[in-house]
Ligand SMILES: Cc1ncc(COP(=O)(O)O)c(C=O)c1O
Ligand SMILES: N[C@@H](CCCC[NH3+])C(=O)O
């Protein structure tokens, strides 16, 4: 396991790896070998995060929310560490199975599932994959029954309480997720008529900070009460994920033991507890490298143009999310500290990775890092503006995903529909 050389003197499996803790020489070498924009992922750090979660929740099942980062090396590391997999689509189920997760440890959360997803998952189930399907609407039970599915079923419940780092990821009170709370008991009975009813599920939202655990606690209490009220206790109750991570230098790390204590205190029922964090597992195991391509003084600020943008890392444009930007080419002591607007190459005003960021006076060709990008970074990349998606490598220099080429951009055009 790699030692993390944290700026504040803590080492090894510390609760957070800050952008400054990545070895700058190594990142510079990777950028010169593979080019930019480049995502770097550190599987050792993924493993540390898994171990910390398992340590905090020794009596629970910890599922990894695969959507945060589906890289094969990440999935294999998480599986090897002993976590299960929470999947949001047939594609994620396929990736989880291919990476070695036992089907019994795969829980597929079907949100308004496309017919093709259900067709695929039911086919894999028929071939012997004894996974669990979590439904959030009675009509999804109907769709499964029509396909002859009578396997393991979990009912997702709308807990009527939400939280998250942004309104767009506050899930628990959004009507599209889960059966209405008042309908949960009947939906559980309906599930038993279709297949084997094994669990209840709810999720509060994503990026919940330690200061704001009250919604999570309410959710856990409500779900435990619901499980207790059923004629027969379900095998498990998943209370979702959402554990936040620090993005700003001054943010404290999440006190995972406090989260676990609060969860256990509110979880007064006989079922097995399941938690399903995504971000916590991978966020600080990833960093994005980008090159300065243009520098411009304006009346308002110094504009630093870089080769990564909203098509590389969507979170700032979509959620006004903050990611620390650092120079790997100069220190603040060597060049004049300069307040900068860091902007990408996409023709959208939203294509800004950071505003009012103080960098050593930027120069064309400088290498910058954009921190804490292991979760929902590459996963949300797109080819808008015909920008090929970036490459992804491990800290050891293994290719995780090759850089897309201009030829890749048109490879789906023409030909027959399958
Ligand atoms: C159902 C479900 N479970 C788990 C997660 C994981 O969330 P996070 O990455 O914030 O832990 C999500 C995403 O918000 C989700 O929708
Ligand atoms: N994509 C979100 C998290 C969403 C989770 C999906 N339920 C983010 O980057 O913060």
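Cβ atoms are placed via backbone N, Cα and C, with glycine included.
All TrEMBL annotations are machine predictions without curation.
TrEMBL lists 315, 319, 348, 376 as substrate-binding residues, and of the candidates 272, 279, 411 the one it assigns to that same site is 279. When the candidates 242, 309, 344, 414 are compared with the pyridoxal 5'-phosphate site entry in TrEMBL, which names 276, 277, 278, 279, 376, the shared residue is 242.
Of the recorded residues, residue 348 (substrate binding site) and residue 276 (pyridoxal 5'-phosphate binding site) place their C-alpha atoms 34 Å from one another. The Cβ centroid of 242, 276, 277, 278, 279, 376 marks the pyridoxal 5'-phosphate site; residues of that chain outside this set whose Cβ lies within 8 Å of it are 65, 68, 206, 241, 243, 280, 281, 375, given in sequence order. Among the listed recorded positions, namely 67, 279, 315, the Cβ with the most fellow Cβ atoms inside 10 Å is that of 279.
Pairwise Cα distances among 279, 315, 319, 348, 376, which the record gives as the binders of substrate, peak at 27 Å.
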